[in-house]
Amino acid sequence: MLKKNFSTWRIFCRLWPIISPFKSGLIISIVALIINATSDTLMLSLLKPLLDNGFKSSENKISIWMPLAIVALMLSRGSSGFISSYFISWVSGKVVMNIRRNLFRHMMNMPVSFFDKRSTGALLSRITYDTEQVASSSSSVLITIVREGSLIIGLFFMMFFHSWKLSSVLIIITPIVFFSINQVSKRFRKINKKIQNNMGQVNFIVEQMLKGHKEIRIFGGQKEEIDRFNYVSNFIRQQSMKIVISSSTLDIIIQFISSITLAVILYISSLPKIIDELTAGTITVIFTSMIALMRPLKSLTNVNANFQKGMVACKTLFSIFDIKQEQDIGKCYINRARGEIKFKNITFTYPGKENPSLKDINIKISAGCTVALIGSSGAGKSTIVNLLTRFYEADKGSIFLDNINLKKYKLSNLRNQIALVSQNIYLFNDTIANNIAYAKKKIYSKYQIEKAAYMAYAMDFIIKMKHGLNTIIGENGTLLSGGQRQRIAIARALLRDCPILILDEATSALDIESEIKVQKAIDKIRKNRTSLVIAHRISTIKKSDMILLVEKGKIIEYGNHNELIEKKGVYAQIYRLQLDQ
């Protein structure tokens, strides 16, 4: 995580490598903004020759070149404004795209524990809202600082050029203005951090409402969800109003200081020693320049709020980039594992938990064996699977595949050896065929996909659909029943043809008839494969070569079905209970 005193300069230094590839566009836009501000300054400077000499009949040259100068300056102002807007939009668009890509890529390689600790809504807010804040804030800040800053410098220079005595008063007010901006900016940053954190909460509440809309309706939770959303949205409104109040207060301070300065200059210019040195054109240029300074000064005070939004968003994004990705230092690569698995003295505690989920686990599974993991919910069955897939890393002990430590395998190669059908299936908003062949669409033929679907008994319902395998199934397969979704997931695992098969309550959502069919298909593919089956139903467990009974993170019984029945222990009691049912 970033430190609280992470300076603006350090944030910019981290952001610059993302911006630097597009510095040519940035330079063009900066030059265009300076030209734009210079054009405004030169327009004001035309007042002096116009007032001093433009209305004298003897000076006809001014009436000739003055209109031409105005047209030229307006064309310069318009074209430079277009160029700056185009290139700033181009640069900011590229920057936000690259930040999103980098963030998405970084999140894709984060450990599972990262997602366990954060809501989907908060992470969505980082990718969408925060990245957009960086780009929009940066572009608006750049436009304001360069254009208005150049205008202020130009006006200062012009005022000092015409009368340094009157303009020297501005030297006094400049430090006061910047001190005021600095004080208010600290408050802006605190408020913006609260707003951005609560934007994630808004996304989280909306996400829960969309996903749990049926539960909300059936349990009558509409009012509770509305109240939660109203509270968070009102909090964001209150914080936004605090920014408006702070910004408006600063605006009042700047205007008050400017009015005092104008009054002082007006008084000084009326002194006999000064008024003799000034012409009507000079006084008009200085006063007009002073009034013209109000707009850029006001813009610079307002830009601070946008700047702080961008800085807070950058801090939030960089805090994610600073979290370490999955450890993947292994170099071992195999085409196809034999499937021999060994857990040696494994102890594991989930992040944020006090008690270990697994305690001193020792398991040896021969290649091609089917091992059933049974036990009550929370006993540690799924944790064993999570450690084998390296979704989590053991606190103590080692896990081996074919007598090689899992950490020595490249992660992608290790996971290519494992097909997983979890109780929490996720299907993508795509066709059935693309879901079955997920991430391997170019490798498998239509015939292979159909074969896997037939083996999983999924073709029974697929052929009844109008578009068959090309049917779009909706987000997470919402257009399918629970059993149909489960069979698609099983077909996906069958197609992978991996040496290790993990079935985590794979048939839990199926009716008896479908379960029998799928179980037959699973029995076929388990041959010559190492299979880990997590199940509660004895009918699924009985055929396993070995049964491991897990309770409170420990293996309390192991053996095949007949051996455990003869022991008359906990497994035998579970068996009798299910028979009675």
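Every residue gets a Cβ built from N, Cα and C, even glycine.
Range with Swiss-Prot annotation transmembrane segment, chosen from 274-294, 484-504, is 274-294. Contact between the transmembrane segment (152-172) and the transmembrane segment (252-272) is present: at least three CB pairs lie under 8 Å, with pairs separated by 6 or more positions in sequence. Counting Cβ pairs under 8 Å that are 6 or more residues apart, the transmembrane segment (62-82) and the transmembrane segment (15-35) reach 3 or more and are in contact.
Ala379 (ATP binding site) falls within neither a helix nor a strand when secondary structure is assigned with DSSP, and so counts as coil. Averaged across the domain 'ABC transporter' (341-577), pLDDT in this predicted model comes to 88. For the transmembrane segment (15-35), the residues of the chain that approach it from at least six positions outside its boundaries are 76, 80-81, 83-84, 86-88, 90-91, 94-95, 98-99, 102, 134, 138, 142-143, 146-147, 150, 314, judged by C-beta separation under 8 angstroms.
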